[in-house]
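Annotated in Swiss-Prot:
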- 14: active site, proton acceptor (ACT_SITE)
- 42: active site, proton donor (ACT_SITE)
- 13-19, 41-43, 306, 332-334, 415-417: GTP binding site (BINDING)
- 14, 41: Mg(2+) binding site (BINDING)
- 14, 15, 16, 17, 39, 40, 41, 42, 130, 144, 225, 240, 304: IMP binding site (BINDING)
- 300, 301, 302, 303, 304, 305, 306: substrate binding site (BINDING)
């Protein structure tokens, strides 16, 4: 039996993690976010009602679940308050269900200003960030000048630290990027107005998780973005600024690494990517447009149209290696309904003619890669909302089996629609 279950994306994000976390938290006591920030966009559909979460864990809608934001998350006070208000307006008692690590770095206005100034300065070489200050906040953390939630307990000292760090960043904004400085007093006033709310939710997350482990409580760790956007293992530099992989669970929450019992990789039945960066199987034809429209592939956070393409088993195998995946959850299978044929990338042809079955590590090495496809028959029958494996067309079952063969990982859950009920659980991670 697995008490500590990790749910993470195996591609470039947007795989459908939020729905699966929400579904599996029916048995969980805690749900923990351990990396990223409000650049995530987790969409939940429950009884036809849609909820989009960016910062708060997807367990927040469950009455008996405590949601935790761990130290690996960069926290925007403004974004958190906005999200809390939206949920509280719907009658969800967020403050009774949400806890924070005091070690969470804060995202403040100057981080957002830096993020946008840098993207503008890069011009055609822009990374395609969400412009929400995620990267600059992580930079401050690593440089040991960042302000954290715990600093809000001493407001006078916080004000001094804030002034020092803002002088540093405003110098860059004005003299290098040639944009306006961020107003110190406004930033201070905005944070002080909600400081007591934030500190009232602080808890020692590592100790809480250790006590939960000793009691045998079920804990779900919710990843954001996807493996191929990991700062170390992704398509660098077109990556996010955190460790999106299973290794980030221990460092981003304080759970001992030996205590992760099961890692569930969410894999979309095709591939998508937002923003710039390598994408070998990207489609620019009618099929790519079909996938975009059928899958409603527009970012929950930015609203940007996602790039679409065939499933890339080479890239997914890298995710299998890095995360030591226990099983897959296959999502958006229904989006492929109606296609005469479906393709899976099984290898890459390099510019020098070599065929390889592993992904390059450097972004420049992705240049000129051609995907080598295996083509399979599609299916005309609808898989939307199917809740039993026996109700799937044979061609869809063959597609599922081939994914398992190419990756060496079993598909334990199949999602056939956005609602939490439109799911087949073949093996429950908490029982694995």
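Cβ atoms here come from the backbone N, Cα and C positions, even for glycine.
Keep in mind that what you see is a predicted model, and the values were worked out from it rather than measured.
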**Fill in**
Cα of residue 306 (substrate binding site) to Cα of residue 39 (IMP binding site), in Å and rounded, measures 15
**Item:** Assigned conformation of residue 19 (GTP binding site) - DSSP reduced to three states
**Value:** helix
**Message:** Distance check, please: Cα of residue 14 (active site, proton acceptor) against Cα of residue 43 (GTP binding site), rounded to an integer number of angstrom.
**Reply:** 9
**Request:** Please list residues from the chain of residue 16 (GTP binding site) whose Cβ is under 8 angstroms from its Cβ, counting only those at least six apart in sequence.
**Result:** 266, 268, 329, 331, 332, 415
**Fill in**
As a whole number of Å, the Cα atom of residue 303 (substrate binding site) is distant from the Cα atom of residue 41 (Mg(2+) binding site) by 10
**Request:** Mind telling me which of the binding-site residues 13, 41, 303 has the densest Cβ neighbourhood, counting other Cβ atoms within 10 Å?
**Result:** 13
**Message:** Counting other Cβ atoms within 10 Å of each residue's Cβ, which of the binding-site residues 39, 43, 130, 225, 416 comes out lowest?
**Reply:** 43
**Message:** Please list, in sequence order, the residues in the chain of residue 19 (GTP binding site) that are at least six apart in sequence and whose C-beta is under 8 Å away from its C-beta.
**Reply:** 43, 44, 45, 58, 331, 415, 418, 420, 423
